[in-house]
Amino acid sequence: MAKKKSEEHSGADANDSDYQEEPNFEDPPGFVDNISDEDLLGDMLAQRPSEADGVESVVVVDNIPKVEPERLDKLKLVINKLFSNYGDIVNVVYPVDEDGKTKGYAFMEYKQASQAEEAVKKLNNHRLDKNHTFAVNLFTDFQKYENIPEKWEPPTVQTFKVQSDLYNFINDPDTYDQYCVAAETAPNCVQVGFWQNVLPEPFELETRERFTDTFVKWSPLGTYVVTFHKPGVAIWGGSSFQKIQKFPHPGTQFVEFSPCENYLVTYGPTPTGQKIIIWDIRTGAEKRSFVADGMSVLSMFRWSHDDKFVARMGENSIHIYETPSFFLLDLKSIKIPGIRGFSWSPTDNVIAYWVEEQNQIPARVTLMEIPKKREIRNKNLFHVADCKLHWQKSGDYLCVKVDRYSKLKKDKKDLDVKFLGMFYNFEIFHMREKEIPVDSVEIRELILAFAWEPIGNKFSIIHGEQNSSNVSFYEVNKGVKPSLVKRLEKKSCTHLFWSPRGQFIVMANLTMGTFEFVDSTNDYIISASPDHFRASEVEWDPTGRYVVTGVSSWKVKEDTGFNMYTFQGRIIKRTILKNFVQFLWRPRPPTLLGEEKQKEIKKNLKKYYAAFEQKDRLRLTRASKELLEKRSQLRETFMEYRNKRIAEWADQKSRRIMLRGHVDTDNLETDEVDEEIVEFLVKEEVTLLE
């Protein structure tokens with residue numbers, strides 16, 4: 001109880017009016033407080049030590065093999081190697097029975113609790129072998145499960161969100177294609193516009209400000225468009241491009257869709273290398289993640305055409321994972337000593353890989369059938385410096401470009417290998433023929449580019465000197481060696497772009513911005529040779545009707561924009577866009593019509609010509625009428641503005657006269673103006689005539 005001042009200062013004046021007795025804060029006798037300590041001091045009580053303190057960094061591993069004492073050391077080595085990838089392990093306990101045999105579980109203590117949480121996240125449900133799959137939990141989880149309430153409460157019902165039609169873009173009756181145009185409006189701020197390529201002028205579908213930080217990318221079938229942000233990436237779709245799913249992966253620099261759009265792979269840097277995460281697109285769940293040592297090459301994963309398998313190359317091996325479990329195929333990698341590269345067939349579950357020369361053993365190209373892992377074709381190659389694998393889009397052919405040498409020189413000091421007398425071979429595998437025969441084409445000049453015709457049996461190459469190269473076209477037929485059908489000499493092109501439908505090809509020089517359009521069925525005649533200075537990209541639309549060339553601000557800062565051409569090279573649209581960075585046609589899914597139905601339509605195509613031509617005429621007439629109406633409206637708007645300004649100018653006449661010394665300068669006669677011509681000598685030259 002607080003003491004009174006009168007007691008503390010006995011000599012004080014009791015009648016002092018400024019003196020007041022201090023309040024008494026003690027509870028009266030028998031008082032019962034109805035406020036609990038948790039309500040009153042909850043924030044402080046939350047910090048008090050608990051029984052779980054000290055075990056937050058302990059994990060419990062169930063379903064480990066039960067082994068005898070003589071095999072325990074080997075088991076510890078395997079499990080410790082696996083769990084030490086996620087932190088420093090300070091203590092491990094393997095309980096054993098009376099006979100010294102392990103009981104099938106173990107306790108592991110990490111140095112930090114965060115390391116234990118990461119181990120649980122990554123190794124729970126990890127499959128050690130066909131009989132043992134880990135169940136990994138934090139030690140503190142047992143307390144959580146003990147405190148489960150006895151009375152069950154049903155979960156809250158979440159309202160169903162109706163998702164818009166993701167495939168409405170292919171329902172257009174006139175089958176107009178869509179495209180997106182990206183322009184950087186500020187650092188890390190890119191505006192993206194979506195357009196429909198309607199004739200005679202494209203129609204704007206949607207424009208999004210600050211849609212992405214860097215660039216956008218379409219999914220293989222055109223269902224989604226992906227955007228990049230600091231926290232991760234997001235995919236959008238539907239008629240108004242709504243957000244469908246987001247994937248948290250900070251610093252993502254590159255993404256890759258599986259061919260059937262079931263999975264998304266994100267690549268992002270870490271302080272020690274690069275982290276790769278595979279996501280389920282529909283659920284947004286993380287299926288599996290990998291940490292690569294060093295900055296690995298982007299797109300290190302290769303998908304099978306049907307999304308059933310995904311593969312990556314390791315040291316002297318290929319790792320093939322099955323979906324949707326993402327476990328290794330048959331729980332083990334395929335050992336291939338000396339492997340240097342591999343690629344999936346675009347239409348079949350067949351992997352092509354090549355092995356370098358080793359100890360007098362020749363290099364080898366192998367075709368392997370998955371999941372049987374059966375080698376269906378081998379081809380030995382000698383004096384090989386490098387190989388590149390090129391599949392034709394239809395999967396009918398595989399071309400292996402082989403860089404060969406005549407002489408090998410090794411430097412004893414730095415162990416560098418120099419290849420002398422280089423020449424090149426094209427090994428053509430006929431995938432649809434019995435026993436897969438292989439043809440060879442030898443080229444003695446430097447190969448600058450190679451491209452298959454997507455639908456057809458031709459391929460083209462650029463060879464020779466860079467400033468004056470030749471373009472050769474070869475045709476591949478059953479039972480005969482590939483034949484040279486045309487050579488275009490002295491062409492300064494650097495890239496080849498076939499139409500998605502075949503037949504037409506663009507030979508491009510992306511250094512100078514020059515292009516040549518070639519028809520491969522009409523004696524390879526060059527139909528047009530347009531220029532687009534500093535153009536750095538070429539994009540065919542999915543139907544092969546239009547080609548776009550673009551000048552990106554990633555390369556230059558002035559005159560950025562894009563041009564649109566017909567497949568014959570006729571310019572139909574020029575667009576100058578400040579800070580233009582990207583143009584992408586929206587891909588189309590494959591047709592649902594069978595081959596017989598497609599053949600029937602092609603056979604009877606002439607029947608539809610009249611209807612198509614009439615529709616085109618009506619469209620052009622409607623467009624002309626709309627253009628005239630638009631011009632008339634613009635003229636009326638201008639005349640209205642002009643008359644308004646004339647009236648305003650007339651109202652200000654008195655003010656002008658006053659400012660100009662009471663002289664009406666509006667009606668001065670031109671006769672009062674004197675015109676004087678003055679001539680003067682500028683230069684004098686003297687010429688002597690002999």
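Along the chain as shown, the residues are counted starting at 1.
Glycine is treated like the rest: Cβ placed from N, Cα and C.
Now, the feature entries from Swiss-Prot:
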| type | residues | note |
| --- | --- | --- |
| COILED | 595-645 | coiled coil |
| COMPBIAS | 1-11 | compositional bias 'Basic and acidic residues' |
| COMPBIAS | 15-25 | compositional bias 'Acidic residues' |
| DOMAIN | 57-141 | domain 'RRM' |
| REGION | 1-36 | region 'Disordered' |
| REPEAT | 207-246 | repeat 'WD 1' |
| REPEAT | 293-331 | repeat 'WD 2' |
| REPEAT | 334-369 | repeat 'WD 3' |
| REPEAT | 442-484 | repeat 'WD 4' |
| REPEAT | 530-575 | repeat 'WD 5' |
> Sequence-remote contacts (6 or more beyond its ends) of the repeat 'WD 4' (442-484), Cβ cut-off under 8 Å?
Replying inline: 388, 390-394, 396-397, 399, 401, 422-426, 428, 430, 433, 490-503, 505, 507, 520, 524
> Reported in the order helix, strand, coil, what are the DSSP residue counts of the repeat 'WD 4' (442-484)?
Replying inline: 0 helix, 24 strand, 19 coil
> Which whole number is the mean pLDDT over the repeat 'WD 2' (293-331)?
Replying inline: 87
> For the repeat 'WD 3' (334-369), what does DSSP give as the number of helix, strand and coil residues?
Replying inline: 0 helix, 23 strand, 13 coil
